[in-house]
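Student: Just lifted these from TrEMBL, have a look:
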REGION    1-26  region 'Disordered'
DOMAIN    27-86  domain 'HTH tetR-type'
DNA_BIND  49-68  DNA-binding region
Amino acid sequence: MEARENRLSQSSAEQTDVADGRRRRGQDNRARIVAAMLDLIRGGDVSPSAEQVAQQADVGLRTVFRHFADMDSLYREMSEVIEAEMRAMAAQPFQATDRRGRVIELVARRGAVFERVAPFKRASEVLRHRSRFLQTDGDRLVAALREILERELPAEVAEDRLRLEVLDLLLGWESWARLRFVQNLTAAETRRVLEAAVDRLLP
């Protein structure tokens with residue numbers, strides 16, 4: 001009887017080890033797939049296929065589909081990684097001590113963020129029309145950036161609807177992308193142009 005109980009206990013422990021191993025492999029594959037998607041988009045492929053993701057991650061195509069029922073779920077995972085990077089940058093303390101200085105400093109801070117996520121943002125613009133998640137995620141980012149701006153603005157500017165809307169536009173992704181990728185300015189040139197424009201709108 002005791003021997004049988006020992007065998008049952010050993011069998012149960014082995015089954016647990018197998019399940020734990022599968023879970024760890026699943027988590028590892030998931031992380032590799034997300035990293036592969038990020039690498040492909042950062043490399044300039046705005047709409048990588050599941051086959052490309054599988055090849056980059058060195059996993060089977062079925063593994064990609066098993067972890068992500070559709071591409072939107074993969075974009076969601078990827079967005080969480082990028083959002084964490086943006087939050088880390090946003091959490092850095094301002095060097096300027098006055099509100100005016102902090103608003104101008106926002107140009108450089110956001111520029112650093114936009115440069116980091118530019119490949120993904122450009123990809124999301126291409127895919128936005130067919131992805132409900134990307135539409136919602138883009139709107140959420142715009143709202144979050146506006147909230148930060150309103151918090152840092154001098155009261156008289158925040159209450160001036162016209163100046164607020166212009167500043168929100170100047171400090172948004174669209175303005176940065178226009179100067180960088182349409183007018184072909186460098187990141188430093190783009191920052192100087194936007195700083196000059198923002199400076200003229202502040203008291």
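Cβ coordinates come from backbone N, Cα and C, glycine included.
Keep in mind it's a predicted model, so treat the numbers as computed, not measured.
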Student: Would you report the average pLDDT that the model assigns to the domain 'HTH tetR-type' (27-86)?
Tutor: 83
Student: Using DSSP, break the domain 'HTH tetR-type' (27-86) down into helix, strand and coil residues and give each count.
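Tutor: Counting residues by DSSP class gives 47 helix, 0 strand, 13 coil.
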